[in-house]
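K.L.:
Once you've had a glance at the structure underneath, I'll fire off some questions.
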Amino acid sequence: MSRTTFFERNIGRTRNIGRITVEVLDGRTRQQLCFLDKVEPHATIGEIKSLFHKSYQQLYPARQDLKLDPKGKSLRDDDVLQNLPVGTTATIYFKDLGPQVGWTMVFLAEYLGPLFIYLLFYFRAPYIYSHQDVFTSSPYSVVTLACACHTCHYIKRLIEAIFVHRFSHGTMPLRTIVRNCVYYWAFSAWLAFYINHPLYTPPSYGDMQVNYALAIFVLCELGNFSIHVALNNLKAEGGPKCRRFPHPTKNPFTWLFFFVSCPNYTYEVGAWASFSVMTQCLPVALFTFLAFIQMTIWAKGKHKTYSREFKDYPQLRMPIIPLLL
């Protein structure tokens, strides 16, 4: 157990308001970890985390999860102590989230893998197919188009991760990154193996099927990028503490906001569905189906948050599929 005094120079001077004593307990064992004396009432949870970090150097703020109840909701960094249901003594429960990694590195790890793994299969690197097929190419143009679409999709994601996305939470647990990488990398290898296989056969309806699917894929990719830019602009205009729900802009791709809460997921599912049709490959269809399930869960959660937080939220909007779901 350690004891730390919160000096006035850390937060400010408020002599007319009583100080608060903060006790930090282990959320699992209930053992006292830290005791913070004379904390200013307007101190934030983020500042409490910084003080806790001084006592436990390995537990940096992004690794800390603080709650007022062990089974309750996590406290936000911008929560102010005096606005929480605590008296002169606040008992806070701590949970170690484990090693954390920044979101940019998360996406680099998740997306660089599929990008390069697919290309290994496309160029038929050694030890993937038979010896006589090493560094040979498919006679079908759809295989080359599929490679171009897959490559552009993940390059787009990398560009968005570096230049577009803004994250409310700055890190992700390392164990989650490992799980996500296994998912993306394994599926990329599985679908690439079949699409680039020497025995692969083109779609049943030939060029017509490929070209229509390709057109839908391109439109969905443009739509997905447009939605991400619109969401980024919304956060940039309002600031991190401004709460507004997204609206359609002059960009026609954003008009899908009239009908769904998460059009970025709608476009993402559309892109992978068209890729499935273009390649007529079962592993791609399975990946699309699993992605649709996960994105539907995310979209429903976001839709529920919007509906609960904003009384004027449009009732016509559905989570992910217009008028249906």
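Placement of Cβ uses the backbone N, Cα and C atoms for every residue, glycine included.
TrEMBL annotations: computationally assigned, not manually curated.
For 21-96, the entry in TrEMBL reads domain 'TECR-like N-terminal'. Annotated domain '3-oxo-5-alpha-steroid 4-dehydrogenase C-terminal' per TrEMBL: 171-324, in sequence order. Marked as transmembrane segment by TrEMBL: 101-123, 182-200, 212-231, 252-267, 273-298.
How buried are these features, and what lies next to them?
P.N.:
Away from its own ends, the transmembrane segment (182-200) comes close to residues 110-111, 113-114, 117-118, 120-122, 124, 128-130, 133, 136, 138, 140, 143, 146-147, 150, 279, 281-284, 287 of its chain (Cβ-Cβ under 8 Å, at least six residues beyond either end).
Counting same-chain residues at least six beyond the ends of the transmembrane segment (252-267), those with a Cβ under 8 angstroms from any Cβ of the stretch are 220-224, 226-228, 230-231, 245-246, 295-296, 298-299, 302-303, 306, 314, 316-323.
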